[in-house]
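Enquirer: Quick one: the structure is below, and I'll ask about it shortly.
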Amino acid sequence: MTLLFFDGTSEAVEKITHSRYDAVMKKKEELEMAKDYLVKALAYGGYVRAYAVCATDVVAEAQRRHDTWNTATAALGRAIVGSLLLGSTVKGEDKLTVKIQGNGPAGLIMVDANGSGEVKGYIQNPKISLPLNAQGKLDVRGAVGTEGIFTVIKDLGLKEPFSGQTPIVSGELGEDFTYYLAASEQVPSAVGLSVLVDTDDSVRSAGGFMLQIMPGASEEMIAKIENRLQELPKVSTLLDQGKTPEDILDTIFAGESVMILEEMPVEFKCDCSKEKFASAILTLGSKEIQDMIDEDHGAEAVCSFCGNKYFFDEQELTEIKEEITGGAK
């Protein structure tokens, strides 16, 4: 069997009003049901944009789908949390891809996220369990590596996607997201990512924050934030204690007013389908498709992002081939 991996006016006003009301109520219901969600906020009178997310179930779902071992779970989980935070800066269905290619045993880590809180991702080598680091924590740096390339590709619905690339500077990933934002997007930022993996390799908590400093912020303000971050417990610890994303921001900006702008649920969601894989098979050409029919009597396509499998029997492959040949035998 062949295995394929791809990676009138008042009435109108009334309708619009009802539509908006329905949308608001639906979002409210989703948030009430969701354990995982992200908040966007402003602090220091608008000089700091702040984001915080709880993504425990999201990372647990990624762990389940890819059957990752503990160190791989932490590495992939941090990449997912960082991508959710970064993805929240784009609009709606606009999306971005984060590719982390380090020199560690994890290999490629790739995550897709959009502005609606949907994310999917995978790690090339999910079977990584390294000895704990000097701090007694999971060795994400050892898994990712300290050299390599950190790439972000944004599809904003324009003619060409935006692509930014920076070197891996840490391998812990929080610092790598921070460096990317400063070097590639020229936005002074602080990113904290944390995944707490239990002794049975299950995900106890996962989340993070992202702060972006706006022009006009004073040095005193920046120094105060830096000092607070030095004292901040790991986000996963706060979440494990029952804290919310709002609580995390309140902890960071202790004594300062925080204005919540938006809350949105986040989820692991893959848009793969059998139809999309059929289109991918179509690009292989009639000879290769015929080889699948003759030699393997079918093909199984596996989605790298979510692990879903799609089987194509001989008849289905023949129909795909006939789209190329126009029905000719």
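These residue numbers are counts, starting from 1, taken along the chain as shown.
Even glycines carry a Cβ here, placed using N, Cα and C.
Here the structure is a predicted model, which means the values were calculated and not measured.
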Enquirer: For Cys303, what is the disulfide-bonded cysteine listed in TrEMBL, choosing from Cys54, Cys306?
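Expert: Out of the candidates Cys54, Cys306, the one TrEMBL links to Cys303 is Cys306.
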Enquirer: If you check TrEMBL, which of Cys54, Cys270 bonds to Cys272 via a disulphide?
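Expert: Of the listed candidates, TrEMBL names Cys270 as the partner.
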Enquirer: Note down the number of other Cβ atoms within 10 Å of the Cβ of Cys272 (disulfide bond), including every protein chain shown.
Expert: 18
Enquirer: Among Cys270, Cys303, Cys306, the disulfide-bonded residues in question, whose Cβ has the most other Cβ atoms within 10 Å in this structure?
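Expert: Going through Cys270, Cys303, Cys306 one by one, the largest Cβ count within 10 Å is at Cys303.
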Enquirer: In which DSSP state, out of helix, strand and coil, do we find Cys303 (disulfide bond)?
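Expert: DSSP assigns Cys303 (disulfide bond) to coil.
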